[in-house]
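**Q** Below: one structure in structure tokens.
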Amino acid sequence: MARTKQTARKSTGGKAPRKQLASKAARKSAPVSGGVKKPHRYKPGTVALREIRRFQKSTELLIRKLPFQRLVREIAQDFKSDLRFQSSAIGALQEAVEAYLVSLFEDTNLCAIHAKRVTIQKKDIQLARRLRGERS
């Protein structure tokens, strides 16, 4: 809606303003406590929605590379010691893992919404995996 210039209008009567109670007047006239400004806080959910939009726009990896690499090497130790990995192999593993997790969380969110909830729970992940046929 376009902004329009507002002109002063003559009062046409109406109700007269009531007198303020003593406590209300005292509250309004009291000075601000030491001029300390409260830190700004967004409403619950605002930051979460902003993060969702930010991460949906981006294409970079969400898991840090070195911790992921350590995890892969730790898991590989159980199968064979002294395994060596090309950096491109670890990169491909990380891409695949993140794509799988994002897809799983999308399905999990749909399960939570189907149950008329907005919070995902363990049972939503279990249901999503069961529907995919990953776990009987």
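All positions are counted from 1 along the displayed chain.
For all residues, glycine too, the Cβ spot is worked out from N, Cα and C.
Note that this is a predicted model, so its numbers are computed, not measured.
For reference, Swiss-Prot lists these features for the protein:
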type    : residues : note
REGION  : 1-42     : region 'Disordered'
MOD_RES : K5       : N6-methyllysine
MOD_RES : K10      : N6-methyllysine
MOD_RES : K15      : N6,N6-dimethyllysine
MOD_RES : K24      : N6-methyllysine
MOD_RES : K28      : N6-acetyllysine
MOD_RES : K28      : N6-methyllysine
MOD_RES : K37      : N6,N6-dimethyllysine
MOD_RES : K37      : N6-methyllysine
MOD_RES : K37      : N6-acetyllysine
MOD_RES : K57      : N6-acetyllysine
MOD_RES : K80      : N6-methyllysine
MOD_RES : K80      : N6,N6,N6-trimethyllysine
**Q** For K80 (N6-methyllysine), what is the secondary structure by DSSP, using just helix, strand and coil?
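**A** Once the DSSP labels are grouped into three classes, K80 (N6-methyllysine) ends up as coil.
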**Q** Per 10 Å Cβ neighbour count, which of the modified residues K5, K57 ranks highest?
**A** K57
**Q** Please identify, among the modified residues K5, K37, K80, the one with the smallest Cα-Cα distance to K57 (N6-acetyllysine).
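**A** The smallest Cα gap between K57 (N6-acetyllysine) and any of the modified residues is with K37.
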**Q** When a 10 Å sphere is centred on the Cβ of K80 (N6-methyllysine), how many other Cβ atoms does it contain?
**A** 7
**Q** C-alpha of K80 (N6-methyllysine) to C-alpha of K37 (N6,N6-dimethyllysine): distance in Å?
**A** 59
**Q** Whole-number Å only: compute the distance from the Cα of K37 (N6,N6-dimethyllysine) to the Cα of K5 (N6-methyllysine).
**A** 33
